[in-house]
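Trainee: This is the structure, below, for whatever I ask next.
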Amino acid sequence: MKAWVAKMTEEHLDEDAIRRAGEILKDGGLVAFPTETVYGLGGNALDAEASRKIYAAKGRPSDNPLIVHIARMEDLEIVARNIPDNARKLAQECWPGPLTMILEKTEVVPLATTGGLNTVAVRFPRNRIAQALIQSAGDFVAAPSANTSGRPSPTTAAHVIEDLGDRIDCILDGGMVEIGLESTIVDFTEKTPMILRPGYLNRERLEQILGTVKVDPGILAEEPAVRPKAPGMRYKHYAPKADLTIVEGPEEKVVQKIRELAEEQIARGLTVGIICTDETRRKYSAGDVKSIGARSEEASIARHLYGILREFDGDHVDVIYSEAFDTPKMGQAIMNRLLKAAGHKLIEA
Ligand code: AMP
Ligand code: MG
C-alpha cells in the first residue's frame, strides 16, 4: 500500500481530500497530517483497533500512550473528567495551540489509546488542516508524531513519506510545520501542575497563567533518580545514526573547540558533520557544515532541528558536533531534544 498525498495550505484547504481522509479515519485507517508542532499520525482515538494500528505502523511500544486531538473546546468533557479549574483556565489561554494536558480519562477512551493508563493526554491543535481533519473524522483523533519510533519527529510531509509512506493510507501535506518541536505536556493529575515535556510554551509562560508549575525531575538529568512520568520520555529518542556531541560555552571558544575536534576526526579518516548557526557558519572550514538558523531568531533553530538531524542521517557522517542552543524562550525545549539525541554527551569549551 502506498499512501496517497494531498497537498494544501491552511489558507486553501482541499475540502474534498479532507472529507476522504476523514472517511479513512472513520473506517479505522491511518492518516498523517500537519499540526503547528510536528506531523501527527492519526487514527480514530475511540477505536482500540485503530490505536493498535498506530503502534504497529510506528513500531512504538504499546505502553507509550497517544495524544487525543480535539477541534472544539467542549469536546474536552467527552474524553476527560474531574477537570481542575486551572486546567480549564490554561485551555482557555493556550488552546488551540501547542499544549497537551494530562487528565483523568472517561470510559469512551479505550485503554489501547492511553497505553493502559487511566489518564488521557488531550490537545486542541491550532493548525487549520488538523482542525478540519479532526472534525471530518468524527472529532477525536489519536496522533503521536508521524515518524518511525526512534527517528526524529517529522517536520515536513517528505519526512513522513520517508518513514511511513508505505504503511499508512493517506498523508495531508501542509508544507513545513510552524514550530518544529512537540507540544508542551502539562500533567494535571496531581496537586501542582507539572511539565512532563518542555515545548514552545515554557515554564515562565505557564506560571503566568497557573502560578507555581513543577518540572518533572525525571526529564532533567541523564540518569535521574526518578523515572520520567511521560512514558515516551523514558525511551531513547531522536537519535541520529552518527555519534553526536554538543559543545557549550562562549561562542568563540565553542567554535574553536569544534574546529579542533573536527580536524582530529578528519585526520583519523572519519567524516564529520557540524551544526552551527548563521552567525558562526563562515568560521568553520572543514567538515559537512550545516546552519540550523539564526541564533537571533530562535524559532528558526527549533524549526530546523529535526530536519538537520535527518539530513545528517542521509549524509552518512560518522560524527556530528553541535553548538549548544540555550536560547531565551525555547532553549529548554531545544536542548531537551538535542541532549537526548546526543545521549547527553556535552562538552564545556
Ligand atoms: P508523541 O505524540 O509521539 O509526541 O508522544 C506523546 C507523548 O505524550 C509521549 O511522551 C507520551 O508518553 C505522553 N503521554 C501521552 N499520554 C500520557 C499520559 N496519560 N500520561 C503521561 N504521559 C502521556
Ligand atoms: Mg514522538
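Here the Cβ of each residue, glycine as well, is placed from N, Cα and C on the backbone.
Where the annotation comes from TrEMBL, it is an automatic prediction and has not been curated.
Keep in mind it's a predicted model, so treat the numbers as computed, not measured.
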Trainee: Among Arg19, Arg88, Arg123, which residue does TrEMBL annotate as binding L-threonine together with Thr37, His69, Ala143, Ser183?
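Mentor: Only hit among Arg19, Arg88, Arg123 in TrEMBL's L-threonine site, alongside Thr37, His69, Ala143, Ser183: Arg123.
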Trainee: Give me the Cα-Cα distance between His69 (L-threonine binding site) and Arg60 (ATP binding site), rounded to a whole Å.
Mentor: 19
Trainee: Just the binding-site residues from Arg123, Ser145, Arg197 whose C-beta lies under 6 Å from any atom of ligand 2, please, or none if there are none.
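Mentor: Result: Ser145.
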Trainee: Using a Cβ-Cβ cut-off under 8 angstroms and a sequence gap of six or more, which residues of the chain neighbour Thr119 (ATP binding site)?
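Mentor: Same-chain residues close to Thr119 (ATP binding site) (Cβ under 8 Å, separated by 6 or more) are Ile102, Leu103, Glu104, Lys105, Thr189.
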Trainee: Tell me whether Ser153 (ATP binding site) sits in a helix, a strand or coil according to DSSP.
Mentor: coil
